[in-house]
Amino acid sequence: MGRRARERRRQQQQERTERGGGGDRAGWAGGYPEIVKENELFEQYYRELGIVPAGEWEAFMAALREPLPATLRITGYRSHAKEILHTLKEKYFKELQDLEVDGQKVEMPQSLSWYPEELAWHTNLSRKILRKSPQLEKFHQFLVSETECGNISRQEAVSMIPPLLLNVNPHHKILDMCAAPGSKTAQLIEMLHADMNVPFPEGFVIANDVDNKRCYLLVHQAKRLNSPCIMVVNHDASSIPNLQIDVDGKKQVLFYDRILCDVPCSGDGTMRKNIDVWKKWTTQNSLQLHGLQLRIATRGVEQLAEGGRMVYSTCSLNPIENEAVIASLLEKSQGALELADVSSELPGLKRMPGITKWKVMLKDGQWFEEWKDVPSNRQTQIRPTMFPIKDEEKLKAMNLERCLRILPHHQNTGGFFVAVLIKKSPMPWNKRQPKVHQKLSQRAGDTEVTAANSNNGSECVTEEPTLAENEESKKMQELQNSDTEQSKKEGVCGPPPSKKMKLFGFKEDPFVFLPEDDPLFLPIEKFYALDPSFPKMNLLTRTQEGKKRQLYMVSKELRNVLLNNSEKMKVINTGIKVWSRNSDGEQFGCAFRLAQEGIYTLYPFIHARIINVCIDDVKILLTEENPFLSKFSSETQEKVKDMAMGSIVLKYDPDPEKPDDLQCPIVLCGWQGKTSLRAFVPKNERLHYLRMMGVEVFKAKRKEEESENKTGEEVQHRLVQAEEGMDVEDKECDLVTKMEAEIGEESSCTPVESNAMEVENKIQDLDQSDKNINNHVNQESKETDIDNAKD
């Protein structure tokens, strides 16, 4: 968006605000003065249920009418998380002290007391207010840039609770059943990588979502964390298929150690940010969703390993979507499940216990206390599982009070519900652990995994496919107009032809692992002197024919899942990019250059072409596009003197004797030319490292004087030229980011301050001193544009 267009939009927004009568105060309230935050049915319903303690109703309603504070979470597994926290506290937060905007004092951001290590913060600043002053705008740009890098996630506070209660360890196999847009998935990935010295944790995350388009937002969120242990799949969570893995040469059904079941819900806990809920809320929403929520939760516990933990959560306050689902699940589990007592976990989090008594109300205000009271013409809307258990002994044994309900007015958050379930034994309709047996299929060597399950909780111990899987197969058959009538009659359908998968969304390229004797790998192994322990079997490409342009890597556990379930799963994305082909790279000794995305995964296995640099060298690499070798320290010049041209690793190790310098290690991908040395690092990542080193990179927005300032126009022209020369992959990332539900921000492309102009221009300008390197790198970016778009 151009400067004039931004100014025009800003003026239009200001006019709308003034017409709405909110004035500047509307900016603090989020800019919705025309919405009436009243709903009589909502108040009648929750007053009657009594989920709010006596004497707190007015505070509860007042909190719902206030805008939701913005919250951010620092990526916990990164080695520089402490540096980011230090920068926030010592630089940006200090600049906000005693700051006033339009006569109102800016509130200082506060850490969430219950989130570990001060890695989560909240602030009452809205996006509109963030743009009201240079100090706030600087803070805003910092948040946007660090979010795009993956160093910060902007996530609602209550949304951070479920992953924390899963108690994830790096060896856990995790399923996220309804994962998009991916903020909770990102937390799970961070927990797998708690030890940054282990490049390949034993565990993995399979993140699923039923919406094909939202899966790509999920991919974008996950890829910011650069993990080889994440796979994104596209299935209906209520019928997600059983997967199989190879264990010591035998096929076994995959059971998950941890499952996150954050189901679709009515969302009345999100009224503070989704104000449309005020006028659209009725009890009908909960009644319609209850069945789906119960089916998803049931499918989750079926796939949970014994001793495993599943967290069920909603952003709704309604017991029909919460306690009713949990009670029904516990009842039909017949003791196989129990609610975990998590009262001692997350100290500092204010919570309300689950309730044991509730009623069902229709949207016309009619109440029902028992199923027997429901007239026959209403029994399609209201189901028996929506009512509380009448058997007092059974009800007491369920311990529903162990559920958590978060009320908005207690800690200035949204509303939320969480229940933590432990699986003690197989579900009663699957008393024997599912066994894998093989069936002959149309192609030799293909096998099909089936397991004993049932949809209604009845006793069933025969080894047959789950009803949920049968339902999904039938849907796929109908959509693809399959002519396999016999399979329809049996209710068991083989995997659909891949050529027809496009009916469910975009057709994905295959995931093809490199064979052991692939000649492509030998030059790479020699050029980078890879360690013998390097897991080359985990390398894959996205093409079966033609030249391989990108090499990706997954963990051995995900490789196992991919190889044994390629016909059962619709995989949207997996793997981390570790090498990219240079169009003329053979002349440099290796056709593939290192990719920054996967350098932290690869680095422990590389023993050649590593250059240790000092902090001044890092600043030069990040501020100049293609600096001459003469600009670097004498130590660096000596190290590269006898090194051949090509891709290199640039490593910075902090010096404990210089505490004022950056105290976290940095690994960068670079390229050594004949007379120059450069870093291949995305723009936002460059800005991140420069901020950590104390270099000012803020780009301030000019107001009225911008149109009259000739110098400003010249700088704007240079930035537009640089934007046109930006890497294709960076442009694509910016577009996806604008779509992203949780970020929803746009990058500014406006003139810089005089004290930061030199740094920003150095980052953007393209030096012509090493045209050969630039040309083949730019050509590579163009060639791989199609591949990257699918990532």
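Every residue gets a Cβ built from N, Cα and C, even glycine.
Taken straight from TrEMBL:
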{"type": "REGION", "residues": "1-31", "note": "region 'Disordered'"}
{"type": "COMPBIAS", "residues": "10-22", "note": "compositional bias 'Basic and acidic residues'"}
{"type": "DOMAIN", "residues": "60-424", "note": "domain 'SAM-dependent MTase RsmB/NOP-type'"}
{"type": "BINDING", "residues": "Cys178, Ala179, Ala180, Pro181, Gly182, Ser183, Lys184, Asp209, Asp236, Asp262", "note": "S-adenosyl-L-methionine binding site"}
{"type": "ACT_SITE", "residues": "Cys315", "note": "active site, nucleophile"}
{"type": "REGION", "residues": "429-496", "note": "region 'Disordered'"}
{"type": "COMPBIAS", "residues": "450-459", "note": "compositional bias 'Polar residues'"}
{"type": "COMPBIAS", "residues": "761-770", "note": "compositional bias 'Basic and acidic residues'"}
{"type": "REGION", "residues": "761-791", "note": "region 'Disordered'"}
{"type": "COMPBIAS", "residues": "779-791", "note": "compositional bias 'Basic and acidic residues'"}
Cα-to-Cα gap, Ala180 (S-adenosyl-L-methionine binding site) vs Cys315 (active site, nucleophile), nearest whole Å: 14
Whole-number Å value for how far Cys178 (S-adenosyl-L-methionine binding site) lies from the residue listed as 'active site, nucleophile' (Cα to Cα): 13
Span of Cys178, Ala179, Ala180, Pro181, Gly182, Ser183, Lys184, Asp209, Asp236, Asp262 around S-adenosyl-L-methionine - largest C-alpha separation, Å: 20
